[in-house]
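Residues or ranges marked as ATP binding site by TrEMBL: Arg94, Lys134, 139-145, 176-179, Glu184, His207, 258-259. Annotation source TrEMBL lists domain 'ATP-grasp' at 98-288.
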Amino acid sequence: MHHVLVLGAGQLAQMMSLAGAPLNIKISAFDVVTNQIVHPLTQEILGTGLDTAIAQADVITAEFEHIPHDILYHCEKSGKLRPGAQAIKTGGDRRLEKKILDESGVESAKYYVIETKDDFEKAIQHVGIPMVLKTALGGYDGKGQWRLHTKADADAIWQEIQTSLESTQNQAVVAEAFIPFDREVSLVGARDQSGKTAIYSLSENIHTNGVLSLSTSLHDPELQNQAHTMFKAVADALNYTGVLALEFFDVSGNLLVNEIAPRVHNSGHWTQEGAETCQFENHLRAVCGLPLGCTKLLRPTSMINILGENTLPEAILDTDGCHVHWYGKEKRPGRKMGHINVCAENDEKRLKTLCSLAQILDKKSFPALHKLIEI
Ligand code: ATP
Ligand code: MG
């Protein structure tokens, strides 16, 4: 029996718990909002404080990168935190992300760090317009971002950035070149403490308004190789243990890293039914010091995010190859409420199922699915 304490009590901790059970890995979760230790599936408050939970755990890990730093360092002192505090912090701070990418020789969009109005002017010179501006700390699902399309909008955008800079201590904005990408892909993989890796097939990701809507396993050996090399460079530079995800822009077959996520990732949810061992199990194996599981792609699989909905037509459960995963969260507009994995023996059949789902699912909650049938 291994006991893992997960920092964060959302759907990722929940899915780790489900994947860990057959291996006798028990999960408890620390809710960073309420500071309570909770059961990851039922959200029942377990009543132990953080210190007792740290003492009882064999391993501590995180389900997201925006964990207060004092908590990260407190956990790290126990010697049980994997990946380490520095790797988690890096994924939560775009300045550190860019630094590690530069240091590992991995290409990403040209950038400039902004703290003052003068920096903003310099960023426009250095990076050019169009430009994407992202808060260094706290951004997710496209939040905390601005697009500067023309010089005429610069003053208005600066006003908003200034407010954001004043909102959080140690806040800054990273300006980066707008990349006219052909598509977005990501690579999810696990690295164990000895540096051995197990990598999944790339996924192709479709975002709508900055939020992932559809993610599909991709068979592209050349691109896979490129992504794998970049993954190794970043994971080694971070001395990483656990599952790590890299998001990329694909520009005419050349990959640029967009983001590093030091955790299991939404674009890896398809591995639950599409790969020999899912990302949640492999993360637990890596952090617990167990052998990594085979990451072989079993069949082409797409993951459809359920955004802002808490019911689905029953016909979905009656559709071959469809697997529904609810997170049990309270309904809010645009919120990630669950996902549907769609598997098929080949891409043609997978696409056919996606198109039939688009006929019965609402456009607002499933935007990428509807794009498929509009083409
Ligand atoms: P996540 O939920 O993945 O953590 P995030 O809020 O951290 O998202 P990013 O991944 O940086 O944000 O950006 C969200 C989306 O915005 C990207 O997936 C991409 O579609 C678009 N985007 C971000 N940066 C750029 C860029 N430099 N050029 C073009 N599009 C971009
Ligand atoms: Mg992203």
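Note that Cβ sites are derived from N, Cα and C of the backbone, with glycine treated the same way.
Remember, TrEMBL labels are computer predictions, not curated facts.
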Across the whole of the domain 'ATP-grasp' (98-288), what does the mean pLDDT come to? Round it, please.
-> 95
Which of Tyr140, Lys143, Glu176, Asn258 has the fewest nearby Cβ atoms, counting only those within 10 Å, among these binding-site residues?
-> Lys143
Counting across all protein chains shown, how many other Cβ atoms sit within 10 Å of the Cβ of Arg94 (ATP binding site)?
-> 24
Would you mind sorting out which binding-site residues among Arg94, Tyr140, Glu176 put a C-beta under 6 angstroms from ligand 1?
-> Tyr140, Glu176
What count of other C-beta atoms do you get within 10 angstroms of the C-beta of Ile179 (ATP binding site), across all chains shown?
-> 17
